[in-house]
Amino acid sequence: MSDNSLRLVWVYPDLLSTYGDQGNALVVERRAHQRGLQVERYDVRSDQPVPTSGDIYLIGGGEDRPQRLAAERLRRDGGLQRAVGNGAIVFSVCAGYQILGQEFINDLGQREPGLGLLDVVSTRGEGDRCVGDVLGDIDPQLGLPPLTGFENHQGITHLGPSARPLARVTLGRGNGTGDGTEGAYNGTVFGTYMHGPVLARNPLIADLLLKLALDVNALPPTDDRWYEALRAERMNAAQQPA
Ligand code: GLN
């Protein structure tokens, strides 16, 4: 943070923003503005260096080939890893989540190294693609209401010992390992399979990112009736039999 201004970095929108993940940047900006914070937003294309002085980094989902290209460029660039070393907050979705891990299977069927920022390894699921609504309970340590979201992935993500599951699903597949976990986090680095976009459906996760950036335990309240109506609608819809 500098002079009451939050630096928000949206990583590689040209490669990783397939499923409306731009909404996550809009929600973080909006929630910050509602608290009187200014936001400097940097949309960093994959031919540009990733700045190392951001407060919050967002990285979205994508198809298999753009995911490989993004991983190659991020590894070569090194800026995101340095930012995390400086204490930055990273929130990643689906392909972005897999890239932050130790490795994943790329579009060529090969093991592709990730950035090693999360202790997770992603493989390709042999069964049906995981597609559909998700409901879950977020790790109680994070003090957040239930998760609602939408998933669309073939990858299966296994958590290593230093990653904590972000949530436990009550509906849907999440990490796809059959153990009920969804997403992962370690310190200030978060990953989830939820599109949605997930922060529009779960704005208190955006607030968590802001609290971490500001190093505060609470933020001034906002009028969340709209979000709560959306949440109730999605929870009801997701619980209806197909
Ligand atoms: N290509 C990855 C998978 O299918 C990620 C997909 C996505 O970002 N939705 O697992």
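Quick reminder: no glycine exception, Cβ is built from N, Cα and C everywhere.
Here is what TrEMBL records for this protein:
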{"type": "DOMAIN", "residues": "9-202", "note": "domain 'CobB/CobQ-like glutamine amidotransferase'"}
{"type": "ACT_SITE", "residues": "Cys94", "note": "active site, nucleophile"}
{"type": "BINDING", "residues": "Arg129", "note": "substrate binding site"}
{"type": "ACT_SITE", "residues": "His195", "note": "active site"}
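Counted over every protein chain shown, other Cβ atoms within 10 Å are most numerous around His195 among the recorded positions Arg129, His195.
When Cβ atoms from all protein chains are considered, those within 10 Å of the residue listed as 'active site, nucleophile' total 28, not counting its own. Highlighted here are the recorded positions (Cys94, Arg129, His195) whose C-beta falls below 6 Å from ligand 1: Cys94, in sequence order. For the pair His195 (active site) and the residue listed as 'active site, nucleophile', the C-alpha distance works out to 8 angstrom.
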